[in-house]
Amino acid sequence: MRALIIEPSPTYQRILSRMLESYDFDITFVDTATAGFRAMTAHHFQFVCVAMYLADLTGIEFCQQARTDEQAKHLPIFIVTSESNPELLSSALAAGATDIIRKDDLPRLEEALHSLIPLGPFRYNISGKALYLEDSLTVAKATDAKLKRLGLSMDHAFSIAQALELLQHNKYELIMTDIVLQDNETGIDFIRQLRSESRFQQTPILAVTSLESVNRRILALQSGANDYISKPVLDEELFARINNLVSANRLVDQLTRERQRLLELATKDHLTGLYNRHFMGEVAKRRFAEARKHQLPLSLLVIDIDHFKQVNDQHGHHIGDKVLKRIAEALRQQFAEHDCIARFGGEEFVVLLHQQDLTMATDKAHQLCQLLEQLQPEGIATSVSIGVTSLSSAREEFFDEVFARADKALYQAKQSGRNQVVTAS
Ligand SMILES: Nc1nc2c(ncn2[C@@H]2O[C@H](COP(=O)(O)OP(=O)(O)OP(=O)(O)O)[C@@H](O)[C@H]2O)c(=O)[nH]1
């Protein structure tokens, strides 16, 4: 990594040198624009800092001249100055300076370098794999080398079929596609195909288009590409666009995971992973309304472990927890996904049986009672008592009322000796 500093003041040369030394730059110091141009012909620099006033040119004139040279057209050039005259500063930007760094605000140079220079100490924080659909092996190889410098390894596909095959077996941080492909295929078809599948809805897609094809670029974006880059591809632009795409996608991933975590915390019981009482209340509201509206059956089981206090007392709370988890697992296996199962508290569980009438619900309750009697979680003989009821079709009922009826049935099951089902209509 080479940097060029064109600075006549030895003091500022020292200050800049000290500031950049931790970044392991190979720095060339010169004190005139002429010497600067000479150095730029001899070496390739990653960026240049130039003072505003030099013996031969101003920093503004230096920028103007540098920008006429093809090699230095896109080179980051920072004018480092004590000047604060806004007109002077805006003419520096107009002349092609990348940024103006005030001498009393030098840390801004570091910030600017972080966003501009993709290599060395300023390497983007990217890793993983990219897929590139490109029918030219030469272009693909050159891109592979560039992506390696960014920290991405690249798989290359010549055709859409090959790309889709690779996507079956690999996870990619980024998908790049050329727009014009061989055999009447286009990158637009590929992008549309990807976006039609839910698993690729969020994957960042970068379209690679030729400079003049504005319509294709628009079509690529309309088809679902997140961004495009035009050929001939400039390294710095490619790095910046990829970095933006991959970082934004990671942020979305992170937020999605966090949202999922918060949702779990709010809706699930932390010990068993079953829904909690609050969530069951919310689901019940919707299911009750739906059942009333369409005259559908709906039933409720209230399940309570018998003499659970003895399990805790004889085997310890820790084993009691394991028993609760094992019973929760059995409930999950026993009921369908659309039946809402919740731990209501302590050793009590509630199941909302979707579109099942009282007879069906009672059968299920009996099966469950037998299953749990045989389960012997942690080698401990356990049983449950179950109260069953259904939503009345004759009159409007709400959850609390139906729950109270099932709970009363459960109480009767306990009173009648436990390990049994009582049905209330
Ligand atoms: N291990 C464990 N025990 C719990 C938890 N929540 C509640 N309990 C225990 O569950 C037991 C419930 O006892 P009781 O309400 O007397 O009921 P029971 O012993 O099951 O008797 P019956 O319901 O009448 O058959 C108490 O000992 C509580 O401490 C929990 O999260 N983990």
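Glycine is treated like the rest: Cβ placed from N, Cα and C.
Here TrEMBL flags 2-118, 129-246 as domain 'Response regulatory'. For 296-425, the entry in TrEMBL reads domain 'GGDEF'. Taken from TrEMBL, the feature 4-aspartylphosphate covers Asp178.
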Cβ packing number for Asp178 (4-aspartylphosphate), 10 Å threshold: 23
Three-state composition of the domain 'Response regulatory' (129-246), taking helix and strand from DSSP: 58 helix, 28 strand, 32 coil
Secondary structure composition of the domain 'GGDEF' (296-425) [DSSP: H/G/I, E/B, coil]: 64 helix, 32 strand, 34 coil
